[in-house]
Amino acid sequence: MKLATWNVNSLKVRLPQVLDWLAANPVEVLCLQETKQQDADFPQADLLAAGYQSVFSGQKTYNGVAILSRGPLDEVQFGIPGFDDEQKRVIAATINGVRVVCVYVPNGQSVDSDKYQYKLKWLEALRAWLAGELAKYPKLALLGDYNIAPEDSDVYDPKAWEGNVLVSEPERQQFRSLLQLGLRDSFRLFEQAEKSYSWWDYRMMAFRRNRGLRIDHILISEALAAKCRGCIIDRTPRKLERPSDHTPVVAEL
DNA sequence: ATGGCTGCCGAGGGCAGA
């Protein structure tokens with residue numbers, strides 16, 4: 001069973017690329033972030049025609065998450081329970097006995113901004129909710145755009161980024177606290193090439209120069225990690241015309 | 001060097017992303 005995550009930076013623009021990618025990579029589950037579409041505009045029929053059911057939670061202009069699945073999506077949850085949030089950043093569903101949680105973690109903008117405080121509070125609420133989810137669902141996968149590069153090895157120029165949003169110590173501490181719930185970073189369960197990233201700035205030919213960050217992750221519970229067979233970052237969509245700035249991450253369970 | 005692209009909304013540039 002393959003599970004994937006992809007921040008598409010507008011599903012309206014990227015739908016053809018998503019459909020092409022699914023045709024070439026017929027994963028069981030694909031989590032999307034930054035769909036930037038209201039639910040009324042979500043391309044449910046196009047995805048169904050491609051063999052994928054979907055659940056989604058979107059809004060105009062910003063944010064928006066979705067889970068696409070070949071099999072039925074049960075026990076659908078929108079948002080973090082008890083955490084009041086206008087922003088559509090979380091959707092979860094149970095698929096084939098696996099609790100799939102799709103997240104678009106706030107960016108934080110800069111460490112001295114209100115958005116950074118919101119990011120840290122949001123991550124704390126996520127952690128608290130997931131502690132209960134893990135007790136309920138031993139087979140759990142947390143996929144998405146975390147907007148955190150957990151280690152310096154996930155950053156093309158750690159010195160330049162030191163203390164910055166996406167790499168700051170409080171954010172990394174929040175990432176580690178997710179691991180402490182009993183989750184594993186599936187990418188790091190396997191030998192990987194150095195300088196493996198999932199996002200590259202659109203500017204300054206960052207992709208061509210591989211000036212990127214690894215901020216899209218698939219964390220999996222111990223029960224899933226025990227039989228996880230691989231995790232890869234698929235850079236090919238980043239090479240297309242008009243790409244998303246993020247590229248898919250795929251775990252094979 | 002704080003920009004550099006891209007998408008959004010909506011009709012021109014400003015905001016946000018990371």
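Backbone N, Cα and C define each Cβ position, glycine as well.
These numbers come from a predicted model, not from an experiment.
TrEMBL lists A:Glu34, A:Asp145, A:Asn147, A:Asp245, A:His246 as binding Mg(2+), and of A:Asn7, A:Asn25, A:Asn164 the one it places in that same site is A:Asn7.
One residue stands out among the recorded positions A:Glu34, A:Asp145, A:Asp216, A:Asp245 for having the most other Cβ atoms within 10 Å of its Cβ: A:Asp145. Non-local neighbourhood of A:Asn7 (Mg(2+) binding site): A:Leu32, A:Gln33, A:Glu34, A:Tyr104, A:Gly144, A:Asp145, A:Trp199, A:Asp216, A:Ser244, A:Asp245, A:His246, each in the same chain, at least six residues away, with C-beta under 8 Å from its C-beta. Across the domain 'Endonuclease/exonuclease/phosphatase' (A:4-246), mean pLDDT in this model comes to 98. For A:His246 (active site, proton acceptor), other Cβ atoms within 10 Å of its Cβ number 25.
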